[in-house]
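Annotated features in TrEMBL:
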BINDING   F:Glu35, F:Glu65, F:His68, F:Glu150, F:His183  Mn(2+) binding site
BINDING   F:Asp56, F:Asp60, F:Asn215, F:Ser217, F:Gly219  Ca(2+) binding site
REGION    F:269-301  region 'Disordered'
COMPBIAS  F:270-280  compositional bias 'Polar residues'
There are 6 protein chains.
Amino acid sequence: MFMHNKNLMYTVRVSEPNPQLASLMLEQFGGPQGELAAAMRYFQQGLADEDPGRKDLLIDIATEELSHLEIIGSIVAMLTKGVKGKLAEASEETADLYATITQGSGSHTLSLLYGGGPALVNSSGQLWNAGYIDSIGDPTCDLRSNIAAESRAKIVYERLINITTDPGVKDALGFLMTREVAHQKSFEKALYSIENNFPPGKLPAMPEYADKYYNMSQGEGDSRGPWNQGEQWEYVTLNPADGPVNGGDGNPSVKLAAKELKAINAVAARTQSNPASDPTTGADLGAGPGAGKTTKSKTKA
Amino acid sequence: MFMHNKNLMYTVRVSEPNPQLASLMLEQFGGPQGELAAAMRYFQQGLADEDPGRKDLLIDIATEELSHLEIIGSIVAMLTKGVKGKLAEASEETADLYATITQGSGSHTLSLLYGGGPALVNSSGQLWNAGYIDSIGDPTCDLRSNIAAESRAKIVYERLINITTDPGVKDALGFLMTREVAHQKSFEKALYSIENNFPPGKLPAMPEYADKYYNMSQGEGDSRGPWNQGEQWEYVTLNPADGPVNGGDGNPSVKLAAKELKAINAVAARTQSNPASDPTTGADLGAGPGAGKTTKSKTKA
Amino acid sequence: MFMHNKNLMYTVRVSEPNPQLASLMLEQFGGPQGELAAAMRYFQQGLADEDPGRKDLLIDIATEELSHLEIIGSIVAMLTKGVKGKLAEASEETADLYATITQGSGSHTLSLLYGGGPALVNSSGQLWNAGYIDSIGDPTCDLRSNIAAESRAKIVYERLINITTDPGVKDALGFLMTREVAHQKSFEKALYSIENNFPPGKLPAMPEYADKYYNMSQGEGDSRGPWNQGEQWEYVTLNPADGPVNGGDGNPSVKLAAKELKAINAVAARTQSNPASDPTTGADLGAGPGAGKTTKSKTKA
Amino acid sequence: MFMHNKNLMYTVRVSEPNPQLASLMLEQFGGPQGELAAAMRYFQQGLADEDPGRKDLLIDIATEELSHLEIIGSIVAMLTKGVKGKLAEASEETADLYATITQGSGSHTLSLLYGGGPALVNSSGQLWNAGYIDSIGDPTCDLRSNIAAESRAKIVYERLINITTDPGVKDALGFLMTREVAHQKSFEKALYSIENNFPPGKLPAMPEYADKYYNMSQGEGDSRGPWNQGEQWEYVTLNPADGPVNGGDGNPSVKLAAKELKAINAVAARTQSNPASDPTTGADLGAGPGAGKTTKSKTKA
Amino acid sequence: MFMHNKNLMYTVRVSEPNPQLASLMLEQFGGPQGELAAAMRYFQQGLADEDPGRKDLLIDIATEELSHLEIIGSIVAMLTKGVKGKLAEASEETADLYATITQGSGSHTLSLLYGGGPALVNSSGQLWNAGYIDSIGDPTCDLRSNIAAESRAKIVYERLINITTDPGVKDALGFLMTREVAHQKSFEKALYSIENNFPPGKLPAMPEYADKYYNMSQGEGDSRGPWNQGEQWEYVTLNPADGPVNGGDGNPSVKLAAKELKAINAVAARTQSNPASDPTTGADLGAGPGAGKTTKSKTKA
Amino acid sequence: MFMHNKNLMYTVRVSEPNPQLASLMLEQFGGPQGELAAAMRYFQQGLADEDPGRKDLLIDIATEELSHLEIIGSIVAMLTKGVKGKLAEASEETADLYATITQGSGSHTLSLLYGGGPALVNSSGQLWNAGYIDSIGDPTCDLRSNIAAESRAKIVYERLINITTDPGVKDALGFLMTREVAHQKSFEKALYSIENNFPPGKLPAMPEYADKYYNMSQGEGDSRGPWNQGEQWEYVTLNPADGPVNGGDGNPSVKLAAKELKAINAVAARTQSNPASDPTTGADLGAGPGAGKTTKSKTKA
């Protein structure tokens, strides 16, 4: 069960209200790389994991991420404290309030719809959705997803730090960024303490396709590197007219029962196009008289 | 620019129509771990990457994933070919069509709404959305995301293989699964051919918080492992009443201008709760006469 | 900051695995009336509330809801433990696995995509999104929202109890349902301990429209009740051809600058319809020869 | 302003409850081709249209679609009336209720979450979203969108009719389907009563690219028809190695300021890949000892 | 069935175009607290309600909300009438048009994508989705949801009024705000005219948990008030190491069949972590040579 | 299978970086009328089409749209190249970076979250979702949808051209706009080369309702035009109190089994409202003492 300690994990000292900056901070409250996504990712995994050590790790970090969610949410709440009061009390001239609200960066919605409270949206107002969470219930995959997620969160914090002048906010962002680095290290250790973690899962790859690199984008710019050269790779350039890699006629096929075949043929006949026709079309009607070959004549001068 | 070769990359031979199985296959057409998400993830990254080798790699694999999308979509189209014709032509008894459509697993929507054509939804009918894509424009992060994504896709293919009896479908799924393994290897090589890829980004971690592991989930089950022990770690058990890790009073603070302070105080006063009150509430009204301490008496017998 | 106690708040004893039942339980894990929505609703509000007592209440209950999320998620994890193993290890005949996976109710996605781990989706696989949260940063509104939300959660638990035969699951659902009742009571007390909580906010209603009830749905079935009769109400039947309630010409208007007027008139002229025309249309072309008045002749026999 | 007449536009007589069929009907209540999408599409357009005749048409049909929404919603409410009572009152054995609820096709969510009331979801439980509406505020486009939307709605009704055995439901669906045909005719007339409706908008096409058909998918199956042959077309086969159609080097370019150039070069240098390296990767670590060229040896036997 | 009277319910007189203000108004057209959400919430409920009086009430107010949707949509259409013409006709210098479009607050999308027509998005461009509607088909819950929704809509209108200088818009917003107050009163009356409306539903609460208040957030700030003190409450402070409130071992459990147990054990064995290992990880590889305890040395100088 | 030619289909020469303009361009990368929606719409249709000529057409254009996606994505990448470097390297003063990031129009999210890489969002940051795709698997409908979609895309490009001053961007937008015109022509030809394409599908309309136009929006503004007059139409003005068009009592009905009837009656009884009551409500409690008829007295002065 969860408990809550009324102390923030990290004391936050914001210099002054700034609703525009607040709306940028929402990226890590309700954005895809933010703290709720992190907490829920690890919590879900922890609930279903069979390995006691990894389960403990996942719940430890999920709990810490919830504590980070509280920190970033508190930053938002401090940054909006000024506009919140003024909007609720209409304590400023209407025109001044309008100017404050519309100074850009999504802060208008944060004020008008959410009343300045931290909301589970990103810096553009996009609602958080669970599609941000990529857990699939296989530990070797989920740990890789966690490693990647921590690295992304580190960078978004770095970008926020780079544009924040408020020293108190900057300091707290530094703490949060640092913890993502520590978490990434933990997840890396957890991944590599599983033996034979590659390839993930149990089914072996088909050997005839596992070591091939298909060169499918061609032209000036074709490159070689360790990802497609060396002893692990066979480099295959597919030519534009090549057949399928497994031979065959390159078409999908299915065996239909007689009734199915009859039905699908009826559909096909009913909706067949006549390639030899030269129909007048809606566009022809719409282009007005004089529609000939060149679209030039059909476009307005 | 993209070109299209009318041969499938892998010839697919489906044994017989099965709309229910088709709806499961949608997981890899329009699901979060499916081929469109993969193709778009790498394509987006490739468009913006500054490194010529990595750019080539990303577009090669993006192109291959589009070719995979075609394969899995073709499988869906073959599996629904029977029901599609029968529904369009009403060539079966209504009750039989009803039974076919409702035989579970989401195939009703695939038939009714999409007419049996492969649609960008997952096996539950959830619309694909771009929140599935986690690219953030930093190569050391994006490659980690790609590694994780390939591992997840491998497992979802493995699960589909494990429940598919149609040998032609199973064979094609095996090819697709194998290619995810190969792609993961390529992305791993690309990540490690960037020197100093950890921590990602440029800003250093704050040294006082970078090596700590916070034990935040406590009780029987607390575990140690390489993710929180050894020379890289300082293990810190936070006690439930502990203050913030950076000291201070544990509360967020902000300096308000006088007008802001006045406004927020007015809001607070206007909406303050009276802790000493004992108000009658809507629930009290709704619970009917005789509402006393125990909810027992207020709940219906 | 949050802490985690490894004991569940309520010990759960599930009788036997049942992935289909698991997928129904997701309604309260990742559904709109589920525990994450509850926890986040109160947590957001608590972060921004200016009233110390109410803030404490909100965080207390947010924390309890997170503990409930853990309970319901653990139920899901127990119910899927059988299929999870069998799918990962392919330890059953393919046809049997297929039958298990497709036995309805959304459990196919829970298994294939999420590997049996509790996921933030509802019982239909709809991704959780923050649109489920209706907090707007005004305590008299937010408490009403919380009261309503608790009542809804109570009923969804009641429905789940009514269809669950597993006694251990039923017992845990009973606990969770009961706590929603207790929370509703608390939020009711908190609302009514704010004086003058109706109407919410500060701006007064316009007196000429505040006591009117407009009868806008008319015919047999028109009813009167305390919601539109009695001393608080003036009952107004709007007739189908009535003008606006504030007089005027019933049209919206705006004053345009000359350049704006000229531009909008140019658009209007360019896209005006000719009511006196009798154009041949795409439908006419498509209906084939013999298109006359009756659509009968144009529809297929 | 809207008024409501308590008579349905079309009297509906449902034979017997059937929650599974109800969930299929949701396709036209809360699905993408359903009545809310239709009503809102025309209503939005009507509010902003400058042409008085078209505005009248749009609001007439929007109003009728709302009346259709009421019909289809009433069908759903009738079909769920049995399960709704039994679930709310627990008036059946638990196991029987469980069986009823889980009989497939999404009806479990309709019962558990929505209590049998018609909900704005499709037959898979996907929440309705405004992305279904494609109005863009240009009448020649919007009318084309409306024509297409009516045709789609016609077909989804046809499919529902084809699988419905209840004669009362079938009859009502027939009415609704028919009206979509009538609406399509009206929108066609409205489109073609705008002169010069093609191309839409005001800007002319670039003549050098307006009449070309690019053959980009090549191989057996290449076809000709009126869409790419005849006097309106110039057929161009792009070869796989062809340069851009406008010449140039085929690369995107931008002129950067010196500071911008320096910064982007610094990023590039910091994250460059070393094509000549042969790094050990996470996959190599995870594949265990003996990792050589063939992935065969690294996959599990 | 619905009818439409061409008079607006309230005549709207907008002073002058202002696309930026228009985009703020979208909050009540296509936002979560807006008029479509309101109309659909009551309409859905009305279709399924068994009580004739309440059904009449719900449809009356649903119809009025549709009429409000028309008012707010008309305001948007008036406010964008200037930019719409100028953009369609390109009747201004490009640079001026660019400046107009990008003057903030989301108006760029309203212009570029929607052509100035009111769209079902909120002030940030977030698409309306049916997750905003919380009807569950139980009248005591749904009426509470309606009460809360009306209170929220009142406040969002109040905020819009507080930032709007245009007197005609302000006046219409005042009418709309007032009607929400009247609707809230009606829904309150309807709720309390149901006897025994608390707790909602039929199943009684478990008496041992219904009157307890769990103090789960602890530390300075712990408060008491009518929501957790007085005769209705037992105040329970959970200690961080406390066991479950129902005793037991605090772990979830399930009885597995032998085959299930074998399969899950095989998964666990295959993916177990080795707590005694000290693996080299991807992060170690990525941090470069010299990786020791301190992350300091691994972070870039 | 897809192949990629490293040349862009159209060489793009951007004058200078402009992240704000980049965010507007996203409308056609990840917006509803953008290139991904187009490519996927045709690709899905092509995979399932039974007509060889139309299949070829659909895949040709799908492939071209992917090539357009690459062009517009490359424009975005060029326009953000400046801010991307400066943000990643923090090579500018923090305050300057902050100013750049927040200069409006959604560019803050493009920079902070996506690092300047083109992302599948529209100009407001709304995530792309598959609800934008309206393919239903019937060629006469899908071609109409394609025609409409091409016309919409043409207009959005036109609007972007009208606000873009950068000549290189303007030129490339002109090419893309032109191709939409050409595609619309092709789809028109394909539609009209299907005989008897109206009404779509196979089921005939009900003759008694197919030629009626219902005048449902009434008052000053009622208009006649070819969409409701002429030999194809019967114009019917529905009066506000009219009964259903098919007679009957205007109510929906269903035959319930005895047990169902008993259950629904029990629900109705349990939740019935008492129209004769005069209950005190939560609003009455909240309005404070002195609540009488007029809401005036209950609203704050």
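Just so it is clear, glycine is given a Cβ too, placed from its N, Cα and C backbone atoms.
TrEMBL annotations: computationally assigned, not manually curated.
The structure, with features from TrEMBL marked on it.
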{"residue": "F:Glu35", "record": "Mn(2+) binding site", "Cβ neighbours (10 Å)": "24"}
{"residue": "F:Asp56", "record": "Ca(2+) binding site", "Cβ neighbours (10 Å)": "26"}
{"residue": "F:Asp60", "record": "Ca(2+) binding site", "Cβ neighbours (10 Å)": "26"}
{"residue": "F:Glu65", "record": "Mn(2+) binding site", "Cβ neighbours (10 Å)": "27"}
{"residue": "F:His68", "record": "Mn(2+) binding site", "Cβ neighbours (10 Å)": "28"}
{"residue": "F:Glu150", "record": "Mn(2+) binding site", "Cβ neighbours (10 Å)": "27"}
{"residue": "F:His183", "record": "Mn(2+) binding site", "Cβ neighbours (10 Å)": "27"}
{"residue": "F:Asn215", "record": "Ca(2+) binding site", "Cβ neighbours (10 Å)": "21"}
{"residue": "F:Ser217", "record": "Ca(2+) binding site", "Cβ neighbours (10 Å)": "24"}
{"residue": "F:Gly219", "record": "Ca(2+) binding site", "Cβ neighbours (10 Å)": "16"}
Out of the binding-site residues F:Glu35, F:Glu65, F:His68, F:Glu150, F:His183, give me the one sitting nearest to F:Asn215 (Ca(2+) binding site) by CA distance.
F:Glu150
For the binding-site residues F:Asp56, F:Asp60, F:Asn215, F:Ser217, F:Gly219, return the ones with C-beta distance to chain E below 8 angstroms, or 'none'.
F:Ser217, F:Gly219
Sites among the binding-site residues F:Asp60, F:Glu65, F:His68, F:Glu150, F:His183, F:Gly219 close to chain D [C-beta, under 8 Å]:
F:Asp60
Which of these binding-site residues is closest to F:His183 (Mn(2+) binding site) if you go by CA atoms: F:Asp56, F:Asp60, F:Ser217, F:Gly219?
F:Asp60
Determine which residues of the same chain, besides F:Glu35, F:Glu65, F:His68, F:Glu150, F:His183, have their CB within 8 A of the center of the CB atoms at the recorded Mn(2+) site, and list them by sequence.
F:Ala38, F:Ala39, F:Ile61, F:Glu64, F:Ala153, F:Leu176, F:Arg179, F:Glu180
Could you tell me the C-alpha distance between F:Glu65 (Mn(2+) binding site) and F:Asp56 (Ca(2+) binding site) in angstrom, no decimals?
14
DSSP residue counts for the compositional bias 'Polar residues' (F:270-280), split into helix, strand and coil:
1 helix, 1 strand, 9 coil
How many Å lie between the Cα of F:Glu35 (Mn(2+) binding site) and the Cα of F:Ser217 (Ca(2+) binding site)?
37
Taking only the binding-site residues F:Asp56, F:Ser217, F:Gly219, which one has a CA atom nearest to the CA atom of F:Glu150 (Mn(2+) binding site)?
F:Asp56
Filter the binding-site residues F:Asp56, F:Asp60, F:Glu65, F:His183, F:Gly219: retain a residue only if its CB is under 8 A from a CB of chain C. Output in sequence order; output 'none' if empty.
F:Gly219
Whole-number answer please: how many Å between the C-alpha atoms of F:Asp60 (Ca(2+) binding site) and F:His68 (Mn(2+) binding site)?
13
Quick one: Cα separation, F:Asp56 (Ca(2+) binding site) versus F:His68 (Mn(2+) binding site), in Å?
18
